[in-house]
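Chemist: Have a look at this one before I ask anything.
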């Protein structure tokens with residue numbers, strides 16, 4: 001899809017306008033379930049959307065043209081920008097949006113950017129969750145000077161000096177930078193793996209550089225100044241996905257490219273990235289402590305009315321506080337919020353239009369907008385998203401995440417690290433279970449989807465509360481390289497997907513080299529309307545060339561079919577019929593046994609859950625049956641297979657699966673009855 005017209009109408013761009021690319025998608029799961037219905041870049045940090053801090057940082061740097069690369073929830077991002085001050089004639093830069101439906105990683109985004117030929121000179125590459133007041137003027141001058149002297153100096157990474165255990169450093173970040181002390185050239189980069197306590201370097205590096213610094217004390221916010229060679233290199237190297245682990249490492253270890261990457265180490269100022277709930281908490285506290293000045297609450301970046309009081313207390317106008325309530329240090333309260341009698345609030349950020357009852361204790365919590373808390377409640381270090389309602393006499397323990405719209409009944413305890421959501425397709429357990437959300441409550445426990453790591457490591461990487469046993473540290477970007485868009489959304493009408501995207505965790509779907517090639521082959525087959533035999537021949541040739549098995553082939557086909565269904569700009573019913581009747585026979589052609597038919601249904605079940613297509617599983621199962629991708633006995637065996645009821649798959653088996661099996665049994669009984677009557 002071509003980029004949208006500059007939202008504030010600035011069609012004439014300077015010859016060498018300073019450009020910036022903002023990656024609005026995080027390509028990981030860490031903020032779920034908060035990001036099931038809202039992109040991370042629009043989550044509130046001290047009552048201000050994250051992307052505002054990124055835009056202010058770019059304005060401070062003198063950027064004149066911004067491209068916001070959108071994937072999931074693209075419509076929300078575009079709407080927000082259209083209504084923001086950045087769309088006014090007074091904006092210091094023009095804003096353009098690029099919507100990609102296929103982007104699975106930073107690498108995919110930069111390849112698409114390269115294909116559009118929008119970058120005319122050096123540009124700044126940042127994520128939409130960066131909070132920084134580092135001035136880039138001198139950094140840009142240094143970068144340009146290096147480029148004049150050496151065209152191979154293609155990139156400058158801006159990193160911040162801090163201790164290895166600084167609180168704004170993600171718990172899983174332990175990247176090592178080896179830097180030439182004289183030239184600031186980065187000669188080696190290593191994203192450490194869990195349990196790895198050494199750095200592997202080419203000995204030749206020591207012969208080529210007189211003095212080297214091996215540094216593990218740098219916070220990498222992924223603020224990069226890039227030449228326009230960088231997107232082209234991603235295009236030339238299609239396996240590059242992550243900007244650090246793939247691109248930087250690949251460039252530095254390549255004898256052929258001959259390119260150079262430098263580091264600028266910021267020793268003053270502030271730079272951090274909200275890459276996990278742990279850093280969300282830390283950076284929020286830093287904003288209240290004024291480390292990010294001038295980007296502080298009383299600067300009122302939006303249409304706000306904050307005033308600053310002693311002990312780092314911030315209040316907007318129209319806040320109603322009971323005489324006997326106590327507001328302690330490092331607290332922010334949004335407009336139209338009410339706090340009841342004898343309640344104590346400390347180290348807490350409260351959004352607009354919240355109501356807090358009497359005799360409550362709230363410490364180190366985050367309350368977003370329209371939150372209601374009853375009387376006699378205790379709220380620990382937790383996040384309560386928009387429109388959450390907490391009954392009387394409740395306790396929300398440390399680490400709990402209560403997503404938008406969840407209702408907690410009276411006399412309920414939400415245990416430590418529990419995550420609740422109203423999205424049934426991303427939850428486990430019984431809907432509105434009184435033992436979980438209380439009598440009259442609404443919501444279910446969120447079930448963390450596993451990507452490249454096990455669930456425990458996922459929770460470690462994204463948890464709100466810290467634990468000393470997590471300080472062994474592992475790779476900072478383990479889930480950023482190739483994960484599903486964290487802002488993965490529920491399955492919405494297909495016509496609404498033209499300007500939004502549903503990204504997929506490449507680890508979840510075993511997207512190794514074979515699957516990537518298979519997806520490209522199938523996409524060509526779809527677009528060029530190949531015959532089934534030709535498409536099957538191409539897949540078989542690819543399978544033999546890459547030593548893959550037929551299970552991988554069939555899995556790739558199922559994934560490609562579902563992607564195709566999602567991206568057609570027609571109704572769900574039409575999309576299902578069009579894709580399955582045309583391309584379902586390809587899957588049937590490459591299925592050779594009863595066991596493989598069972599495997600097909602298991603694969604379909606898994607992908608429907610991961611892609612939030614659970615409501616269409618029943619229809620898809622019907623097509624599998626009609627097209628003999630899975631015959632009746634295979635579907636019956638799938639239903640009895642323990643694998644079909646593992647974890648998050650159980651709900652789908654017990655709903656659509658049971659309904660289809662019941663239909664099969666009824667049809668068989670009727671058939672037997674008719675035969676008996678004859």
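Using the three backbone atoms N, Cα and C, a Cβ is placed for every residue, glycine included.
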Chemist: Out of 474, 500, 640, which one does Swiss-Prot list as phosphoserine?
Modeler: 500
Chemist: Swiss-Prot tags one of 307, 467, 506 as phosphoserine; which one?
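Modeler: Going through 307, 467, 506 one by one, Swiss-Prot flags 506 as phosphoserine.
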Chemist: Of 35, 168, 172, which one does Swiss-Prot label phosphothreonine?
Modeler: 172
Chemist: Of 183, 422, 503, which one does Swiss-Prot label phosphothreonine?
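Modeler: Matching 183, 422, 503 against Swiss-Prot annotations yields 503.
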